[in-house]
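Before any comments, here is the structure.
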Amino acid sequence: MEVGQKPQHPAPSSSAQRLPAPAGAEEAQRVSAAAARVDLPGTALQVQEDAAAPSLSGGADRGGVAAAAGDGLGRPLGPTPSQSRFQVDLVTENAGRAAAAAAAAAAAAGSPAEPPRDGRASGENGAAKSSEEAKGRFRVNFVDPAASSSADESPSDAAGLGGEGSNVSFQNGGDTVLSEGSSLHSGSGGGGHHHHYYYDTHTNTYYLRTFGHNTMDAVPRIDHYRHTAANLGEKLLRPSLAELHDELEKEPFEDGFANGEEGTPTREAVVTYTAESKGVVKFGWIKGVLVRCMLNIWGVMLFIRLSWIVGQAGIGLSVLVIAMATVVTTITGLSTSAIATNGFVRGGGAYYLISRSLGPEFGGAIGLIFAFANAVAVAMYVVGFAETVVELLKEHSILMVDEINDIRIIGAITVVLLLGISVAGMEWEAKAQIILLVILLLAILDFVIGTFIPLESKKPKGFFSYKSEIFTENFGPDFRDDETFFSVFAIFFPAATGILAGANISGDLADPQSAIPKGTLLAILITTLVYIGIAVSVGSCVVRDATGNINDTITIELTNCSSAACKLNFDFSSCETTDCDYGLMNNFQVMSMVSGFAPLISAGIFSATLSSALASLVSAPKIFQALCKDNIYPAFQMFAKGYGKNNEPLRGYILTFLIALGFILIAELNVIAPIISNFFLASYALINFSVFHASLAKSPGWRPAFKYYNMWISLIGAILCCIVMFVINWWAALLTYVIVLGLYIYVTYKKPDVNWGSSTQALTYLSALQHSIRLSGVEDHVKNFRPQCLVMTGSPNSRPALLHLVHAFTKNVGLMVCGHVHMGPRRQAMKEISIDQAKYQRWLIKNKMKAFYAPVHADDLRDGTQYLMQAAGLGRMKPNTLVLGFKKDWLQTDMRDVDTYINIFHDAFDIQYGVVVIRLKEGLDISHLQGQEELLSSQEKSPGSKDVVLSVEYSRKTDADTSKPSDEKSPVMHKEPKGPVAPLNVADQRLLEASTQFQKKQGKNTIDVWWLFDDGGLTLLIPYLLTTKKKWKDCKIRVFIGGKINRIDHDRRAMATLLSKFRIDFSDIMVLGDINTKPKKENIMAFEEMIEPFRLHEDDKEQDIADKMKEDEPWRITDNELELYKTKTYRQIRLNELLKEHSSTANIIVMSLPVARKGGVSSALYMAWLEVLSRDLPPVLLVRGNHQSVLTFYS
């Protein structure tokens, strides 16, 4: 757009949807207009007219002007390849001298070009704002990998030129862009040497966001989906839902991170990353994959074993052997292609593919043995090379020491040279590979040409060029020396491996998703055709046996001539009785003999061995480095470090070199070779299985761009790989299985802290979903009843005793849900819930608690508990029992809280829940204690928990941990955060000790069950389940029941019969005939004294006043009610006396919970009953089932 020319589209910032511009914005717009009128010859200037939006944090008005920037030298600016893929409509024409206009705009505003320090840009301030300082806004940085930028840029450059003006900043809650610079971020220290690119998504405007409207909502864009510091640009954050949705005047969430992702890296990190990434060598599909795979697949087998295989198996079966090997490698190639195109592939090859598909367990196992196999393969190939050299030395009688030591010397020198090439860098290594491939192709061509030149001197050695007689004779098999089809297959198969050579350097490929499928599959096709071509050709030219003696020609015609040699006038019949040195069966150097120029075949053998060795020497450290970076085996962490621009794993190279050198010095690889083949096959099997597994899991994230795969064919491929392992060498196959299984178990046990979204997770989810749905279709049966507990713990670490006791009888038996009611302001509670959900579920898992955490927001505890009872769980896996801690501080607290607490019991019975109340005389809640996390060995350290002491009053009103009212009246302590840790008083010390008592072994003591009322059997089932656990197994169950004095024996026998039918072991049954005896007078008086403050005393008041008081305070105890329930009150007092008499030494008491009639018994009276019943006793569980049978004696 030329200066002064009107835009073709109306500027979105002036659209009707804009918020009214506050004071100061007009000035900013005038500055903008002034800048637009600057007339510089040949300058194209584009200036964004910016909108001002109400501030979120301080309410101050903000406005801003962003100036366009160029490189200052008038050069047209164009996109780099990495960016042009992701940006639309790059504005490149005549934008070069915009920097001068930017400076003019800044000067016109009368402000320094430096961003203001207070993080605000006022109406008069035209400089771009610092996005780091403005809290909660978004920054959009476009990284230019071609720019040689540095982290220490001058802050005093013109706005928009390498400073923060290159950012697009948004206000949190407003819908307007705050300041949007046009230049792509790149360094300014060097002026004209940097490129600045312009983006434009709506003709001649700068608006990046939705359809050109100046809105905060983000359009779909690749940078929002990147991982942190991805190769192709910086990760951007889309606005969080809170920022779009929350009310403007309130402070939104501070973290704008997407689910499970980290924040954007700082600007310096991006600049550094960009500078480092300059000059990185990346390969295309031919140099990176095709060449490597072909070199690795064509090994020594091609030149010195293929002819022997044709001799043994014949042309027909040789082609079948090659085809079978190809089937396995092709299926694996298809599977590799599917995984490689299902998302961005980083370095690590087979390890990366398997670990990201099947998870760290399989990935870690395969990564280690695959890296080791590659390291040993270096030794195998180098020894193959050394043996060939030693053979040549032997022919000319110039051995250095003896055969075995010569192999060691030559092997050691060779591996040092190969290490030098590898360490020199990937570029050198790739050049070496190209040279080796050329030599290899020339050697193959040399052989093909040789087959058409039948020299007389070669005929005695069995070579006659293409003859139908030889083809016919060699077509069928002729197995000798105990060889079989499968033994020949086992010898050939290692020649087909090497298909992962390209995938192993996936991190060094420019576009692994496209390169790996193309290169790998084409390499398999080419190498297979060459193998088959050479097998057919050598089988059509050379006879199986030849003497090499020129005198074995036939001068007279024989009558019984049957062999091909005989028909071609040679008599090799002597080979049937004596060993001959020539022919397919006897001479491994047939290809040298057939070729036009024999030394070229030797060069081909050297090329094949050295290229395979080089490929393995590069693959092993790269795989090992990727494995170490993931920290699956912490001991190997030191090998994760990379050096130089290409992040070369130099330490890994040294380790691979040492392993290879060790095996070269052994110089006997006949034992090692089958193990290596099996290691490779194990990784092939797992790659195939990964594709099957991912397809089976039906994860929405499994959508490979490569479509030519099938889950069942991949499964067949995996099975074939396992079969081939046993065909090659059964003991090596077993050893491989044992090693993989051992590493799998180790990694599973260690549980590395990684989450790669593996198909194992997807299948676990699918399996859980299918089983849950199947379970929903099954009616409940009493035999399958399980206590499924909703435990009102608040934050799980605040009531450890409650948590551990319930876990003791639900672990591996039933469901356990930790309910947490967040009260207080909804906005704050919602934020806490989102943070706590992940935090406490992790805490439960870390502490080996088999439980779920369920937070909910409600106005009060009763509502929250109702929500949880109705909504927690899934299908049949829903809680059926509510577990609460006893409200220990009820006498001192607000009685409305007590009323809420008691009403939770009534609600639970209404919803047909069982109820369990747990009381420890020391209390349950330890959240008020300083340093509670450290004092409890089982607790996880959470930030700041030891530094802040909360008073009970404060925590009841606002703290989220009070989903259950505080069960203890603690001293009110007011301390500043980060204050010194105060010593604990005696009560708190006891509380801490009591809170860990259920984590210890319980010893040989008793669990006393006071089964006074039949609630369906829950009171008996819970103690039985406790005794099945290791910590409680030494405890004996004693059962106490009520009865008549004159029928004690009868009642005991009846209960013993019932328990034996239920198959529940018990040590004793006691029948209490004196339950209904009147309690002691002092205990009655103590009870009356306790309830005195809560009585209504309506007989002493006027009717109206009494009624009004009862209406306002429904928890008060009326005189009528007290008289009506006198017997029940006395029973609770009497039971406490009996409990102290009989069960004061028990480990735990499980007792029937008294039920109060809703509307009949006031909350205060019911609470008093529970108080007097369970006072001054060992831990008490007051249990009441929902009166449906949970025990049965029917089978």
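Cβ atoms are placed via backbone N, Cα and C, with glycine included.
As recorded in TrEMBL, the features of this protein are as follows:
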- 1-34: region 'Disordered' (REGION)
- 23-34: compositional bias 'Low complexity' (COMPBIAS)
- 49-85: region 'Disordered' (REGION)
- 107-192: region 'Disordered' (REGION)
- 144-159: compositional bias 'Low complexity' (COMPBIAS)
- 200-251: domain 'Amino acid permease N-terminal' (DOMAIN)
- 288-790: domain 'Amino acid permease/ SLC12A' (DOMAIN)
- 289-309: transmembrane segment (TRANSMEM)
- 315-341: transmembrane segment (TRANSMEM)
- 362-386: transmembrane segment (TRANSMEM)
- 406-425: transmembrane segment (TRANSMEM)
- 434-455: transmembrane segment (TRANSMEM)
- 485-507: transmembrane segment (TRANSMEM)
- 519-539: transmembrane segment (TRANSMEM)
- 597-620: transmembrane segment (TRANSMEM)
- 653-673: transmembrane segment (TRANSMEM)
- 679-697: transmembrane segment (TRANSMEM)
- 709-728: transmembrane segment (TRANSMEM)
- 734-749: transmembrane segment (TRANSMEM)
- 799-1195: domain 'SLC12A transporter C-terminal' (DOMAIN)
- 956-978: compositional bias 'Basic and acidic residues' (COMPBIAS)
- 956-980: region 'Disordered' (REGION)
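Spatially, the transmembrane segment (734-749) is adjacent to the transmembrane segment (362-386); three or more Cβ-Cβ distances between them are under 8 Å for residues at least 6 apart in sequence. Among the listed stretches 406-425, 597-620, 709-728, the one sharing the most Cβ pairs under 8 Å with the transmembrane segment (289-309) is 597-620. A contact links the transmembrane segment (709-728) to the transmembrane segment (485-507), because at least 3 Cβ pairs that are 6 or more residues apart lie under 8 A. The recorded stretches the transmembrane segment (406-425) and the transmembrane segment (519-539) do not share 3+ CB pairs below 8 A when only pairs 6 or more apart in sequence are counted, and are therefore not in contact. Using a Cβ-Cβ cut-off under 8 Å and counting only residues 6 or more beyond its ends in the same chain, the transmembrane segment (485-507) has close neighbours at 283, 288-290, 292-293, 295-299, 301-302, 305-306, 309, 312-313, 317, 321-322, 324-326, 328-329, 332-333, 336, 340, 345-350, 352-353, 374, 426, 477, 479, 515-516, 519-520, 523-524, 527, 531, 612, 615, 618-619, 622-623, 626, 647, 673-674, 676-677, 680-681, 683-684, 724, 727-729. Among the listed stretches 434-455, 519-539, 597-620, the one sharing the most Cβ pairs under 8 Å with the transmembrane segment (362-386) is 597-620.
Within its own chain, the transmembrane segment (519-539) is flanked in space by residues 285-286, 288-290, 292-294, 297-298, 302, 306-307, 309-310, 314-315, 318-319, 322-323, 326, 329-330, 333-334, 336-337, 444, 447-448, 451, 466, 470-471, 474-475, 495-496, 499-500, 502-503, 584, 590-591, 594, which lie at least six positions past its ends and keep a Cβ under 8 Å from the stretch. The domain 'SLC12A transporter C-terminal' (799-1195) scores a mean pLDDT of 80 in the predicted structure. Long-range contacts of the transmembrane segment (434-455) within its own chain (CB-CB distance under 8 A, at least 6 residues past either end) are made by residues 287, 291, 294-295, 298, 302-303, 463-466, 530, 534, 537-538, 541, 591, 594-597, 600-601, 603-608, 610-611, 614.
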